[in-house]
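Read the structure below first, then the notes.
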Amino acid sequence: MAAMTPTAQETAAVEATSPAPDVTRARHRRPRVWRGLVLGLAGAYFLVPLVASFAFTVHVPGRGISFDAYTRLLSAEGFTESLLLSLGLAAATIALSLTLAVPALIAVRLGSPRLRPVIEVMCMLPLVVPPIALVTGIATVLRWGPEHLSRTPLYQTFIAVQNEKFPVVLVLAYAVLALPFVFRSLDAGLRAIDVPTLVEAARSCGASWPHTVLRVLVPNLRSSLAGAAFLTLALVLGEFTIASLLGFRPFAVWIVSISGAHARMSVAVSVLSLVITWALLLLLSRTGTASAASAPSRKES
Amino acid sequence: MSAPAPTPHTTGTAGGSTTRRRRRGPRTWLAALPLLVFTALCFGIPLGALVFGAVTRTDSRSGATSLTGEHLARSLQGPYLGSLIGSVQLSALTALIGAVLGVLIAQAVVTSRSQGLRNAALTASGVLANFGGVPLAFAFIATLGISGVVTRLADLGSLGWDLYSFTGLAVVYLYFLIPLMVLATVPALDGLRPQWREAAQNAGATAWQFWRHVGLPVLAPSLLGGFVLLFGTAFAAHATAAALVGGSVPLVTLKIADALSGNVLTGQENVALALGLDMILIAGLVMAVYLPLQRRSARWLR
């Protein structure tokens, strides 16, 4: 799954080399028709569900337009708790995965190129394992707690990571799922700067290692760090499989749980979460890491 | 991560570049250690537990654990096999349709001269490819569900339309698969140099001959790779299907979720583990096909 978006150079190259002589221009007329048709149909397919969902939430048959579904959200039972839980999990996941990945990737760039394939495979493996398979494994491990470890101090750890208020086990699982995207985003960022020179310069001036990393390298990686963080945030906010099967109730699980009683509200929340995710991703592509934004992610599907 | 001052005396006797390498080696390796330990613990242990549980059986009375192929065999029988086949069918069908439509859209985007259209299409694809899971399911319920907006406007109900079916699920999956294919193939289509087409035209080739002998052979690895990527994505999808159809369409992800969350008979959870292992094997196979293809296509797209 290498980078899939075209680079600016490629685009420029294609543009520079299309001369469009008169002969081909005549040929291009027919394509224009099917191009319009294809793009029109595609636009309709991708727009209709969005427009229809919005219409569904604001138009109540027989009663006209009302924004009730949105205004009643804040007072809905469980909305604030589940949203705050999701945001907290996202913050912890982002912090954890960046703290793990940044030093490792700098190390690979700097002095251990032989480690690179190991790290790359380890970071990409979660793509091969579907989340549902991962959660079966996690559930099995969590069951060991009560079964085998009830008399050891480890048991307390098992209880603690499954705390309803803040399930650390979800943070660990999400950090695993986020690894491929964090790796790709950071790797691209590190590729763009000359790590050895920066480090050597900083070290020669007497900077300590933490200082070098935090004050010299991290500022240079700002956009790729932001990219990794945004993708992780989107992943955690939308994650359903692992949380629901382990019995926790963050945002995505809450939406499903209210859908039976409040169909309109569940669609309204979906529209909102969609708008927020899109805004985040658009912001991300604006900050210059378009490649990270458009890389396919393992957001729940 | 603090390190000793970089004086030659602290790092042994060998001189020149060897000292340097030896000094750097262990230290940088240590920086990568937390990541490696974390992956081993949080990814390796669950995975190990999955494989172990899938191939062993623990006797509830004696507590003895023995190796068995029973769970794997059961996961390939009856309703479980049906769900695996259902998943593979749905993934293959949606991946095929998604790949064809995605290439058509990508080609339309690439051949258009408008940079604005191109940027808009690529950004939209990036966003839509990431749009899955629960919100997508609810958007489609509002659109094409029983009392959905489009269902009522077009009176699809009387035409026999059912969102909560194999076909309905396919329509929903395509919503994130097509943009994924656009993202995967635009670089490949960009790589088709206009000079190749001109050369073919100068040599008297028709458009069909160009595609038959130049275009498609060059694109083939990318297209196949895109198809395989779509297949893997559709195969692993769970949240959309769970929020949409519950249990009416046999899918392996839904069966695993059932076996895990429901109060099932003992031994059943081992079948869930075996099904998980089946999924990993299929997904691994998919990746094993995808990565070499990706590398092959990269040759042309430099």
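Cβ atoms here come from the backbone N, Cα and C positions, even for glycine.
Summarising the annotation, TrEMBL assigns compositional bias 'Polar residues' to A:1-10.
As annotated by TrEMBL, domain 'ABC transmembrane type-1' applies to A:83-284.
For A:1-27, the entry in TrEMBL reads region 'Disordered'.
Residues or ranges marked as transmembrane segment by TrEMBL: A:37-62 (among others).
If you look up TrEMBL, you'll see A:82-106 (among others) marked as transmembrane segment. Beyond its flanks by at least six residues, the transmembrane segment (A:82-106) meets 119, 123, 166-168, 170-172, 174-175, 178-179, 182-183, 186-187, 190, 195, 213, 217-218, 221, 225, 228-229, 232-233, 236-237, 248-254 of its own chain at Cβ-Cβ distances under 8 Å.
TrEMBL lists A:118-145 (among others) with the feature transmembrane segment.
The transmembrane segment annotation in TrEMBL covers A:165-183 (among others).
Tertiary proximity for the transmembrane segment (A:225-246) is limited to same-chain residues at least six positions away from its ends with a CB under 8 Å from its CB atoms, namely 86-87, 89-90, 93-94, 97-98, 101-102, 131-132, 134-135, 138-139, 142, 162, 167, 169-170, 173-174, 177-178, 181-182, 185-186, 189, 218, 252-253, 256, 273, 276-277, 280-281, 283-284, 287, 289, 292-293, 295, 297-300. According to TrEMBL, the transmembrane segment annotation covers A:225-246 (among others).
TrEMBL lists A:266-284 (among others) with the feature transmembrane segment. For the transmembrane segment (A:266-284), same-chain residues at least 6 beyond its ends with a Cβ under 8 Å from one of its own Cβ atoms are 50, 53-54, 56-57, 69-70, 73, 79, 226-227, 230-231, 233-234, 237-238, 251, 255-256, 258-259, 292-293.
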Distal contacts, the transmembrane segment (A:37-62) - CB-CB under 8 A, six or more residues away: 68-70, 264, 267-268, 270-271, 274
